[in-house]
Amino acid sequence: MRTSEVVEGYLAHVADVRRLSPATVRAYRGDLADLVRAVGDRDIARIEVDDLREWQWQATKAGQAKATAARRTSTVRGMFGWAAEQGLVEADPSQRMVSPKRGRTLPTVATADALDDVLSDTAAAAHNGDAIALRDHAILETLYGSGARVSEICGLDLDDVDHERRTLRLRGKGDKERVVPFGLPAARALQAYLVRARPVLVARRQAAVHEGRRGEKTPAPRRITAPGDERALFLGAKGARLGPRAVHTLVSRTVAPRVGTDVLGPHALRHSAATHLLDGGADLRAVQEILGHASLGTTQIYTHVSAERLREAYRLAHPRA
């Protein structure tokens with residue numbers, strides 16, 4: 001079977017059976033498409049380990065990061081493993097590939113004071129009642145208050161918020177659900193958004209949908225939203241479900257200057273929430289559950305961040321440091 005056909009079968013498997021997120025499936029598709037371009041769309045049984053190693057080497061020469069190389073190697077191993085299970089290959093050459101060790105990089109974390117300043121600024125901007133300002137403040141409070149991933153925040157529906165218990169029902173990687181708490185500031189920001197801003201954005205969506213083409217006697221409604229948008233918690237300026245790119249822009253515009261960097265993604269608020277929880281004495285396993293990590297080892301990176309922060313505070317403050 002041609003390699004491209006195996007790729008499509010494997011991608012269908014990880015999407016439909018393993019239920020990996022669309023973003024992960026897109027990353028797998030990109031990795032495997034690059035492999036097919038490099039080795040040619042030949043019968044997969046004719047691909048040898050030397051072909052795979054040459055593919056790795058060319059990417060390394062091009063300056064590929066170790067983390068990316070490790071992910072690509074893992075993707076190829078996953079596909080060949082699946083192909084072996086399906087009887088499409090007798091031997092699995094990917095098992096002889098060497099995966100580069102990932103260097104440990106500590107995540108970027110904003111200080112609690114910096115985030116207090118950011119949220120004070122966005123609260124002041126929201127005070128004038130502008131719908132987008134109210135929404136943006138609610139998003140930042142919810143991101144930091146819950147430690148959720150940006151995809152989880154954008155995927156929230158109205159009935160995923162329990163206002164009485166102050167909890168969110170999040171759908172994470174592998175479509176796994178978990179319930180996480182959020183604090184009083186986020187609760188107030190969400191309430192203000194739902195009462196004063198979201199109806200405005202819904203009205204914009206309805207107006208746009210019924211806006212006809214100029215010059216037509218019978219205007220035809222234009223579809224600008226996707227199924228399920230009417231249930232979405234956070235809406236864009238035109239009333240459709242807000243996407244991750246808009247949240248990334250929001251965080252870069254509001255949080256990045258306080259951290260002293262030009263570009264900063266929404267994950268920085270998740271990193272900050274986890275680190276501040278541990279700084280405050282939270283149990284590591286509780287933080288693991290809040291973040292939705294399958295492995296405790298993934299959560300432990302934040303203990304290193306906390307330790308680094310303690311060492312830096314000691315170095316700056318102790319006379320015998």
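Each Cβ is built from the backbone N, Cα and C atoms, and glycine gets one as well.
Automatic, uncurated: that is what TrEMBL annotation is.
Sequence annotations record features per position, and here TrEMBL assigns active site to ARG149 (among others). A coil conformation is recorded for ARG149 (active site) in the three-state DSSP classification, outside any helix or strand.
Positions annotated as active site by TrEMBL: LYS173 (among others). In this structure, LYS173 (active site) is part of a helix by DSSP. Around LYS173 (active site), taking its Cβ as the centre, 16 other Cβ atoms fall within 10 Å, counting all chains.
Annotation note: HIS267 (active site) sits in a helical segment as assigned by DSSP. Around the Cβ of HIS267 (active site), 15 further Cβ atoms fall within 10 Å across all displayed protein chains. According to TrEMBL, the active site annotation covers HIS267 (among others).
Marked as active site by TrEMBL: ARG270 (among others). A C-beta separation below 8 Å, combined with a sequence spacing of at least six in one chain, links ARG270 (active site) to LEU143, GLY147, ALA148, ARG149, LEU291.
As annotated by TrEMBL, active site applies to HIS293 (among others). Sequence-distant neighbours of HIS293 (active site) (same chain, 6+ residues apart, CB-CB distance under 8 A): THR299.
DSSP gives TYR302 (active site, O-(3'-phospho-DNA)-tyrosine intermediate) a helix state. Under 8 Å, Cβ to Cβ, and six or more positions away along its own chain, TYR302 (active site, O-(3'-phospho-DNA)-tyrosine intermediate) finds PRO107, HIS271, ALA274, THR275, LEU278, VAL287. Taken from TrEMBL, the feature active site, O-(3'-phospho-DNA)-tyrosine intermediate covers TYR302.
For 1-84, the entry in TrEMBL reads domain 'Core-binding (CB)'. The average pLDDT for the domain 'Core-binding (CB)' (1-84) in the predicted structure is 91.
As annotated by TrEMBL, domain 'Tyr recombinase' applies to 105-315.
The Cβ of ARG149 (active site) has 21 neighbouring Cβ atoms from other residues within 10 Å, across all protein chains displayed. Between HIS267 (active site) and LYS173 (active site), the C-alpha separation comes to 15 Å. Taken residue by residue, the domain 'Core-binding (CB)' (1-84) breaks down under DSSP into 67 helix, 2 strand, 15 coil.
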